[in-house]
Structures are given as C-alpha cells and as structure tokens.
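Following: one structure in structure tokens, then a few remarks.
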Amino acid sequence: MDARGGGGRPGDSPGATPAPGPPPPPPPPAPPQPQPPPAPPPNPTTPSHPESADEPGPRSRLCSRDSSCTPGAAKGGANGECGRGEPQCSPEGPARGPKVSFSCRGAASGPAAAEEAGSEEAGPAGEPRGSQASFLQRQFGALLQPGVNKFSLRMFGSQKAVEREQERVKSAGAWIIHPYSDFRFYWDFTMLLFMVGNLIIIPVGITFFKDETTAPWIVFNVVSDTFFLMDLVLNFRTGIVIEDNTEIILDPEKIKKKYLRTWFVVDFVSSIPVDYIFLIVEKGIDSEVYKTARALRIVRFTKILSLLRLLRLSRLIRYIHQWEEIFHMTYDLASAVMRICNLISMMLLLCHWDGCLQFLVPMLQDFPSDCWVSINNMVNHSWSELYSFALFKAMSHMLCIGYGRQAPESMTDIWLTMLSMIVGATCYAMFIGHATALIQSLDSSRRQYQEKYKQVEQYMSFHKLPADFRQKIHDYYEHRYQGKMFDEDSILGELNGPLREEIVNFNCRKLVASMPLFANADPNFVTAMLTKLKFEVFQPGDYIIREGTIGKKMYFIQHGVVSVLTKGNKEMKLSDGSYFGEICLLTRGRRTASVRADTYCRLYSLSVDNFNEVLEEYPMMRRAFETVAIDRLDRIGKKNSILLHKVQHDLSSGVFNNQENAIIQEIVKYDREMVQQAELGQRVGLFPPPPPPQVTSAIATLQQAVAMSFCPQVARPLVGPLALGSPRLVRRAPPGPLPPAASPGPPAASPPAAPSSPRAPRTSPYGVPGSPATRVGPALPARRLSRASRPLSASQPSLPHGAPAPSPAASARPASSSTPRLGPAPTTRTAAPSPDRRDSASPGAASGLDPLDSARSRLSSNL
C-alpha cells in the first residue's frame, strides 16, 4: 500500500521485499454499489502484506464509524491499495449528507495505527462506541472549568485568559475541579446548607433530646456525614487559590500535599460518623454504663466547633461579596452588609452554643440540687422551655448585664458564668470595633474633611485669628468642600484619558449647557478647554479681579452672582453661565475693571498658559480672538502692537483662506453692531445717568466663528447682520412690523461725539435690551426678565434668546464709525419716561412682545 492509502508506511517492515509480477486485478464490484475504479499498481518500494480481504484496516474502520457508509464500500484491493469510490449513503439512520467512501485493503501496522483502530471501532448501529459517554464527559468536564461570565472575566481579565485557564484544567488531569467553576459553586452552596444545619441542629439534639435512635435523627446524620465525607474527597481534586499572589494550584500532587498539611486532619475528624459508632456500641452497653457513655456526645459537639466549618463560612462570604460586585452593587454597601451579617451571625451562633452549654453541663451531672435547672424545678419541662431559659441565661452573661433569673450557686455554674462573660466580652468588643471601623469606612471622605478642619482650627488658634476671620474660613470650607474632601487631582490623574474626559464633561455639563461659546463650539475644543479648568470658590465680598493688576486668568461662573466695577462707579451683574477676564488672556495686559462676588460663587478658572495652549491647536479660534480684540482696542483708542503684527502677518502670508477671512470680518462687524446697539439701548433712559458706550468682548461673538468654521453654510439672513443655522444663534424676526421711526439709514441728526478718554476701560459694564444691567429702570420691570437674557460676559452681555438681532438698516442709531462716540447723551433721549409710556410698555410685555421691540417703540416715541 502506498503512503496515501494509510494502510502502511515505508519502513514499517524493513525485511519485506516488493511484490513481483503484474499488478493484481481490480476487486469485483459489489451488487448494490457502483464499481470502484481499478487500483493503481503497487509501489515497488512499499512492502506487501497479504492479508485476508475481509479484515478491515484503519481506513475501513474510519469508514465504518459513520452509519451512512456501507461496509462493503470500504474494501480495497488484495495488496492493501486504497481507492476512492463514489459517495455511499445508507437510508438508515439520520440524514448526514453523502459520505465519500474509501476502498482500502490491508491491515495497519504499528502501535499508533492499532490505537487508532481500537478507538474507532463502530457499534452495531454504526455509531462509535462510547460516543454518548464522551458527550456526557465533555458536558461534565465543562462544569469543572471556569465559564466565560462576568465573574471570570473580572478575575482573569479577558476571555482569552479564561480560555487559557480552561486549557490548564484540561491539561492538569482527569477530574480536577477549578475553584471558580460552576460545579464548585453549587457544591459550596450545598455544603453551606448542611453546615448551617449541623451548627444549629446538632447542639440542640445532643443537649435537649435523649433518644438519638429515631428515624429523622438517623437520616439527618447519615445524609450530612455522607456529604461531609464526599467534600473531604473532593478537596483532594479541587484547585487551591493562593491569596498572596492570586495563583491557582491545579497540580494534583501539590493539591494533595498542601491539603494534608493544612485542614485535612480537622476535616477528617469532623467527618467521622460518630453516631453510627454510638448505635453499634449502644446495644452491648447496660444502663449503668450508658450514663457515662453519654458524655461521648461531646465529641459530636466538638465537631461543630471545627475551624474548618467557620473557614467555609468565611469563604462563602467572599463568594457572596464577589457575586454582589458582579451584580453591580457598590463596594461600600456590599462590604458593609456582609460584615454586619457576619458579626450578627457569629454573635447569635455563639449565644446558641452557650445556651446549649448552660444546660448540657447540669445534664451530664444528672441535675444536681444546686444547679439552675433543679432550683427552678424545670427538669421535666419541655425542651423549648428549657432552651429559652438557657439562652436567656447565656445572653445575660455574654452581654454582661446580669446573671439571669438568679446568681450562680454551684462551682460549676460559677465557672460557666465566667466563661460566658469572657467569651461575651470578647465578642462584644470585636463587634464594637468592627462596627466603628465599618461606619468610618462608609464615609471616609467626611472623616477626611473633619480631620482636615481640625488642623485648620488648630492653625487659627495658634495664630490667634479674630472671630470674624475664623467664621469666614469656616464658611469657605463649608461651601468649598461641602463636608466632604476628595483628592480630585489624584483621582483624575489615575484614570485614563477617555474616562477622565468623560468625567470632566459630566461635571461641567451645566456650565457647557449654559454658555453659547461652548454649546456651539467644536466638541474637541470644548473638551480641551474643560480639562484645563480649575474649580474655585469665592465668598461674598471677595474681589476676584482687581483693576490694574495683570490678567492671568479668566473665569466661568457655574453658580453665583458677581458685580463688575470700574473707576467710574459703574456696576453690572453677571450670573450663571457668564464669564469675564477674557481679553487679558490674549493681550497679557492689566485689568480694566474689578470683579466682586456678591454671593457664594462657584467658578472655573482658566490660566493664560492653558488657554494659549488650547488655541495653538485651533488657529481659527486664535485668529478670531485676536482680530476682535484688535478691533475693540482700536475703538477705544488703544493699540496692541503684538496682536496687530500677528494679524497683519497672517493676512500677508495667506494662512487663512478667503472664506475664513470673510467669517472673521463678519465677526468683527457683528461685534461692532452689538456695541452700537448696546449704546443705543442705554440711551433710552433705562440706566440713568447714561453710561458711555463700551467695547464688546471677543468671546461673545466667537460662537458664530465656531459654528461657521465647522458649518460654512450660513442660514438665511433674518433680521440681524449675521444669522446662523445654530438654534442658539438664530434671531427670530419680530412678530409685528417695526415702528415707523426705525427706518433704514442713519437718523437725520446725531448728537456730537465727546472726546474719547485715553483711559477708557477695555472691560466696562454696559447693557443691552434684555440684559440684567439695563432692566432695572421703570420702563422694563425686572420681574419680567427671563434667565436666557442674562449677559454672557463682563464686557459683552448677550442678546436675549429669541430676540431679533438688530441690523444697521432696522435700527435707529447714528452712523457707525471705528471709534464710538463717548460722552453724555442728549437730554431729549435721557428724559424720564412718562406715565403714558410706562402704561404702554406694560401691555406689550404682557402680550408677549420682545423687550427689544418695546425699547425701540419708546425710542421712536422720544424721537
């Protein structure tokens, strides 16, 4: 047979000679099957093994293993050749598809072939012998291996690691049980039930029941002892977890040696069927000896006290703790519940044992006259009444609250009482210690805050600070940490980048939602900004920014109200979602206004270095900031050569395309028009005396740059100079026609412009229609303000959401210029509104008219 036939290999029989003569004739075809092709001539290098044609070889055995192949198709030539025939299918058995039959002849040689032939013998029905047994073995073997579930993935890290652990179990040997397998889980749970039953029932049975030969008692002992003996055997085949390095031992020899050195003796002694020995020996014991032999029942009770049972209970508690983690329970809650349950269970179990011991000792002494049972005449009472009195006596001793109904009189009772007190005091101290540690661990952040504040109090006492200073420090800590202290930088620093960004975005979600700059910007830009923010808290009266100092930070208001103050005693309120101090991040100049906290303020600060670092990755945002800042400085008569040189260099080098330059110019134009509109709104007598027009902030208009940089398609122009498709930037058209006075073009006459002061501030308070700063007048009551109309910045309040953006053609204002006019407004425009105008304004506000339209109406009536 050649090597392809599988019946033999060259070199199997070195002494054989090639078969001479012509090739043998092909075998006769079988009647029910098609004729197989003729066999090829024998290979001269292959030795011939003439055997019986009816003896199947390895290939024929392989063929006969499938019930769909006929045995007749597996026969080959006379010299052991193999030929491939047509697919042969048998109508009997389940449909498995056509099988390709091999015509083989010749016996296999060698031990490997014999082993293969022996393992592939077919049964009478064509199925391999032992296939059903192999299936059951595979299923049971899977129970002995760790499954792919949440617990195993958490323990081993990945599915591939679990598969490697499964291969370890397979290679360790037959019937090796993994400690994290499903079989061990169910077995430990079953042993828990038997263990609890033994810990509770056996002491009661030994102490309060005299007849131990009843059927229920025998059945309970037989079943429990059988399971304990089975557990003893399974412990030799169960892997051992090394707690130090989390290694799992699966080698049978190592498991046996370690188990024999540790808990085998205790487990073996506790699993001996002592009750069976009592039943056998009791038949040959007379009544006089039986009384002394009854003391042997203590052996059964000592088995309950085996440390192995308590160790299994603690192991089950660890399993429960792991299950609670799998079911997404919090760590503190799970550990607290399990520790409390363990302590309560141990206390109750010890009280139960002590109560049984209080009655067991007098019973072994045949109830002497000075024992508590004889004194109370309770010898013949029911076992439930005796157990209740004994348990009450034991708990009184263990809790150190008394001696029970009467003090001990006999020496035995005295020693039992002292033993109960010692055990009870120890358990009570352990319970108090664990409970105290448990309470502290449940609120470690509050405990850390209290420890920190104690140091602060000692510091204040050492420096003898006044009482008002101490109260301010106390209030600061209360509002800054709110009774809990965390090392937030350390916690966030230990997380990976994506998770840290998600947490920062979640913590600042209210800030992002309340700021148009963040709400319309690129998410990557917003994330980069948020990760640089630092949380700060200021008390009422604290000056967050002082005028004349160098600007190193800008602030975003999360909660609170601040006042922006200038040397001209002008004041403007900023609240949640506003920000201030932004221009100094670009110019690195000095502050032009002071900012004071009116309430407790929770702010996020951004340093100039971090801000510039973020802008390095977004040049479009930097260019927009710089261009608007230059235009604002030019309008107040100031220049910054560094910013001017950078912008001119960008224009000359062509860094930005025409579309981006057009967007930036539109932002500058929109910024100018917002300043002029704010100036116009302040000259309607809403905020007497009329403040000078101020310069807007770059950040208030950068939301449009962000939106257009990522969405160049500009929405249809509505009313304002620039309207984007963003829902936060669209200015809706007014519901009614504009007043007649608001005609296109500048007014016929404009007031003379006052000379601008060289010390005009770069960040000064002013208001626009709809901002809190301009709604304090009698014409627009403050109670009709909406939160959406709050100012966005210390230097640029925002228009109210939903209000129409005024355009140069639709606004009655003087002609625009690069530098706004400064100085007082004409007296005709600052006159106090008449009662008629006030009455006319109220219905408009009540009917839903926009505040900006109301201001325009009053302005037209003045004109």
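Just so it is clear, glycine is given a Cβ too, placed from its N, Cα and C backbone atoms.
The structure displayed is predicted, hence computed values, not measured ones.
Feature annotations, reproduced from Swiss-Prot:
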type	residues	note
COMPBIAS	1-10	compositional bias 'Gly residues'
REGION	1-131	region 'Disordered'
TOPO_DOM	1-188	topological domain 'Cytoplasmic'
COMPBIAS	17-47	compositional bias 'Pro residues'
COMPBIAS	106-128	compositional bias 'Low complexity'
MOD_RES	Ser119	phosphoserine
MOD_RES	Ser134	phosphoserine
TOPO_DOM	210-213	topological domain 'Extracellular'
TOPO_DOM	235-261	topological domain 'Cytoplasmic'
TOPO_DOM	283-290	topological domain 'Extracellular'
TOPO_DOM	312-342	topological domain 'Cytoplasmic'
TOPO_DOM	364-386	topological domain 'Extracellular'
INTRAMEM	387-408	intramembrane segment
TOPO_DOM	409-413	topological domain 'Extracellular'
TOPO_DOM	435-863	topological domain 'Cytoplasmic'
MOD_RES	Ser641	phosphoserine
MOD_RES	Ser726	phosphoserine
REGION	730-863	region 'Disordered'
COMPBIAS	734-755	compositional bias 'Pro residues'
MOD_RES	Ser743	phosphoserine
MOD_RES	Ser750	phosphoserine
COMPBIAS	756-765	compositional bias 'Low complexity'
MOD_RES	Ser757	phosphoserine
COMPBIAS	778-834	compositional bias 'Low complexity'
MOD_RES	Ser840	phosphoserine
MOD_RES	Ser842	phosphoserine
MOD_RES	Ser847	phosphoserine
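The average pLDDT computed over the topological domain 'Cytoplasmic' (435-863) stands at 64. Comparing the modified residues Ser134, Ser641 by how many other C-beta atoms lie within 10 angstroms of each C-beta, the top residue is Ser134. Counted with DSSP, the topological domain 'Extracellular' (409-413) comes out as 3 helix, 0 strand, 2 coil. With a cut-off of 8 Å between Cβ atoms, the residues of this chain six or more beyond the topological domain 'Extracellular' (364-386) that come close are 204, 208-209, 291, 294-295, 358, 393, 404-406, 408-410, 412-413. For the topological domain 'Cytoplasmic' (235-261), same-chain residues at least 6 beyond its ends with a Cβ under 8 Å from one of its own Cβ atoms are 165, 168-169, 172-173, 175-180, 184, 267. If you measure from the Cα atom of Ser641 (phosphoserine) to that of Ser134 (phosphoserine), you get 88 Å. Residues 361-362, 365, 368, 370-372, 375 of the same chain sit 6 or more residues outside the topological domain 'Extracellular' (409-413) yet have a Cβ under 8 Å from a Cβ within it. DSSP gives Ser134 (phosphoserine) a helix state.
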